[in-house]
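Lifted from TrEMBL, the feature list:
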type	residues	note
DOMAIN	44-293	domain 'G-protein coupled receptors family 1 profile'
TRANSMEM	29-51	transmembrane segment
TRANSMEM	63-84	transmembrane segment
TRANSMEM	104-123	transmembrane segment
TRANSMEM	143-166	transmembrane segment
TRANSMEM	204-228	transmembrane segment
TRANSMEM	240-264	transmembrane segment
TRANSMEM	276-295	transmembrane segment
Amino acid sequence: MSQLEWKNKTAVVEFILLGFGNDYKLHSLLFLIFLSIYIVTITGNISIIVLVMANRHFHTPMYFFIGNLSCLEICYSTNILPRMLLSYLGEDRSISFSGCFTQYYFFGCLAAAECYLLAVMSYDRYLAVCRPLHYPVYMNGKLCLQLAAAAWISGFLSNSILTFLISNLDFCGPNEIEHFFCDSFPIIKLSCSDTYVAGLATSVVAVICSLPPFLLTFLSYLSIIFVVMRIPSATGRKKAFSTCSSHLIVVILFYWSILTVYVFPHYNTQISLNKIFSAFYTILTPLVNPLIYSLRNKEVKEALQKQASKLLYFRDLLS
């Protein structure tokens, strides 16, 4: 829908993102914090993508999915953080009607895609640990491409209906969104038309996109833990369990925050808590995922050290 058509339907032509408060004294500090998070997130995820593509040793299903996750996290962070940084830098919190729904569309698509991709990654680890003899047969190159494509396509299709429903609501004012990005329920609250269908559809889609992938992910890692506990070596058990537990913590935080915000919206009366829950899956998860899934891996550390040594060597030659 064009911006002209939106203007004909509603009196609101732009929204104001209130962010994390009206205390302008804190804006400089918040800008530095979120800028640092964004730089680390982008640098870490790009490093992983380059490493996976450049090193043939990492041309395996696990690292293929990790590369996809890193690409998703880059898009995820870039969709939200730069706009928020501009608001703290220039004090302009306004976002156009079309820009707001564009941000919401890509946010919802990427969030759903991440749910599916985490489930795919957990299934890959389940086959590798619990079915090692069948793993090369089941997890072949064709299946990897199909699973990754299914995760991305399903994510981008899932939010199309919601974006259409919410964007066709009537907005008569006020136009202040009590959030740091354009999200469904804060936008719906500003509508002056009947929002029952849009709110119900948001909760239903959230359940479909998050609950089944969460159950598959949780059961996969639970099976992995049971297998790990049977390892005779205490050192081996500790090492394997440490990796699985780290993954589980990130997954539980990600899904718990999403389910809390979207599946049970009527019980979330405190807006500030919703912002904190939202920060878990929009800001912290893209920052932590590279550390959990890759940088704690010994092979990745060694590869990064080799690449760093090569860069230093070429730098010395040029100097």
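Glycine is no exception: its Cβ is also placed from the backbone N, Cα and C atoms.
Counting C-beta pairs under 8 angstroms (sequence separation of 6 or more), the transmembrane segment (276-295) reaches the transmembrane segment (104-123) with 3 or more such pairs. The stretches the transmembrane segment (204-228) and the transmembrane segment (63-84) are not in mutual contact, being linked by fewer than three Cβ pairs under 8 Å (pairs 6 or more apart in sequence). On the 0 to 100 pLDDT scale, the model's mean across the domain 'G-protein coupled receptors family 1 profile' (44-293) is 84. Counting same-chain residues at least six beyond the ends of the transmembrane segment (63-84), those with a Cβ under 8 angstroms from any Cβ of the stretch are 17, 19, 34, 37-38, 41-42, 44-46, 48-49, 52-53, 95, 103, 106-107, 110-111, 113-114, 117-118, 120-121, 124, 144, 147-148, 151-152, 180-181, 282-283, 285-286, 289-290, 293-294.
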